[in-house]
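Engineer: What Swiss-Prot records for this protein is below:
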type	residues	note
BINDING	R27, Q28, A29, G30, R31, D78, Y155, T210, H328	substrate binding site
SITE	D78	site 'Transition state stabilizer'
Amino acid sequence: MTALKNDRFLRALLKQPVDVTPVWMMRQAGRYLPEYRASRANAGDFMSLCMNPEFACEVTMQPLDRYPQLDAAILFSDILTIPDAMGQGLYFETGEGPRFKKVVSTLADIEALPIPDPHKDLGYVMDAVSTIRRELNGRVPLIGFSGSPWTLATYMVEGGSSKDFRKTKAMLYDNPQAMHLLLDKLAQSVTSYLNGQIMAGAQAVQIFDTWGGNLSAAAYQEFSLAYMRKIVSGLIREHEGRKVPVILFTKGGGLWLESIADAGADALGLDWTCDIGEARRRVGGQVALQGNMDPTVLYAKPEAIRTEVGRILASYGKGTGHVFNLGHGITPEVNPEHAGAFLRAVHELSAQYHE
């Protein structure tokens, strides 16, 4: 495999010295970029973009070609590929987001769910990873990812996205045995899926627990964090002669940083409601931190974006262990020039913290 020309993202996750704070953006390959919208039109629809390794590679590379400051690429895919491979029948309604043809509502439904084989059932994702690695040719590391079991379960039980998760939470409290079986199957599926991505060439992996923050503190521990801990313990942590860092990101998890830091990952993702300096004081001895600018700051003028970047860098303070990112995904209406101003500001303003 080609040697990495820029490994500062991996170094920061492992708390090794870096020259500047590395940066990437969740959803960096996305609708805010005109070139992405053109590729999506060529592919026909979102799923065709995900399921064709050449298209997935093309859109993964687009932000890197536009923004030389990006210190990592992230696989272009969707968290719902696993439930789709379990036979749920994923499709996208215009303006409505993801939907499933089948929903999971009974213990019998859950017992019937297969655990997908990453190579047979999700081979298009593995092919995309290896295609992107070839195309990157050592420029920056490639991040693989998955949704967390709890987050995937919400979509499977609700049949799509939800504001209140009433069906999922009813199952959790009425029939915890069924919910635990579903989460256990998903944890096994996520573990083999992420290990497949690592073997195909992903150099770090992130677990997106988008809806973990909607649980009570007790339910979060039992129904989300316990299964992420199980996944982390089963992941391949070294490949191609170097460590493969693991990032856990629970949106809304700021109250539970200590217990998330104990789950065994190398880094925690933070949303923007959490002060990164306070997070460092609480768990920075154990884990690296990733985040955490409010994505809507990108609607402000470049000078205001730069000021906010400076504030977050100062809050974190000197030394390594910080990967700059947004606190959630970049939104479709952002001006690409503002994203560029954000990325430039991170590198320009962070050098002083690494002298």
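Just so it is clear, glycine is given a Cβ too, placed from its N, Cα and C backbone atoms.
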Engineer: In Å, how large is the greatest distance between any two Cα atoms among R27, Q28, A29, G30, R31, D78, Y155, T210, H328, the listed binders of substrate?
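Structural biologist: Across R27, Q28, A29, G30, R31, D78, Y155, T210, H328, the widest Cα separation comes out at 23 Å.
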Engineer: Would you count the other CB atoms within 10 A of the CB of A29 (substrate binding site), including those on all shown protein chains?
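Structural biologist: A29 (substrate binding site): 25 neighbouring Cβ atoms within 10 Å.
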Engineer: Validating a neighbour-count step here. Other CB atoms within 10 A of the CB of D78 (site 'Transition state stabilizer'): how many?
Structural biologist: 18
Engineer: How big is the gap, in Å, between the Cα of R31 (substrate binding site) and that of D78 (site 'Transition state stabilizer'), rounded to a whole number?
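Structural biologist: So the alpha carbons of R31 (substrate binding site) and D78 (site 'Transition state stabilizer') sit roughly 14 Å from each other.
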Engineer: Quick one: give me the count of other CB atoms within 10 A of the CB of H328 (substrate binding site).
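Structural biologist: The Cβ of H328 (substrate binding site) has 21 Cβ neighbours within 10 Å.
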Engineer: Which is it, of R27, R31: the one of these binding-site residues whose Cβ has the most other Cβ atoms within 10 Å?
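Structural biologist: When each Cβ's neighbours within 10 Å are tallied, R27 leads.
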Engineer: Do me a favour and check the Cα-Cα span between R27 (substrate binding site) and D78 (site 'Transition state stabilizer'); whole Å is fine.
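Structural biologist: Computed Cα spacing between R27 (substrate binding site) and D78 (site 'Transition state stabilizer') is 10 Å.
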Engineer: Round to the nearest Å and give the CA-to-CA distance linking Y155 (substrate binding site) with D78 (site 'Transition state stabilizer').
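Structural biologist: The separation of the Cα atoms works out to 13 Å.
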Engineer: About how far apart, in whole Å, are the alpha carbons (Cα) of A29 (substrate binding site) and D78 (site 'Transition state stabilizer')?
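Structural biologist: A29 (substrate binding site) to D78 (site 'Transition state stabilizer'), Cα-Cα distance: 12 Å.
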Engineer: According to DSSP, does H328 (substrate binding site) fall in a helix, a strand, or coil?
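Structural biologist: Coil, per DSSP.
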Engineer: Could you say whether, by DSSP, D78 (site 'Transition state stabilizer') belongs to a helix, a strand or a coil region?
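Structural biologist: Going by the DSSP assignment, D78 (site 'Transition state stabilizer') belongs to neither helix nor strand, so it counts as coil.
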Engineer: Give the three-state DSSP assignment (helix, strand or coil) for R31 (substrate binding site).
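Structural biologist: In three-state terms, R31 (substrate binding site) counts as coil.
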Engineer: Can you tell me how far the Cα of D78 (site 'Transition state stabilizer') sits from the Cα of H328 (substrate binding site), in Å?
Structural biologist: 15
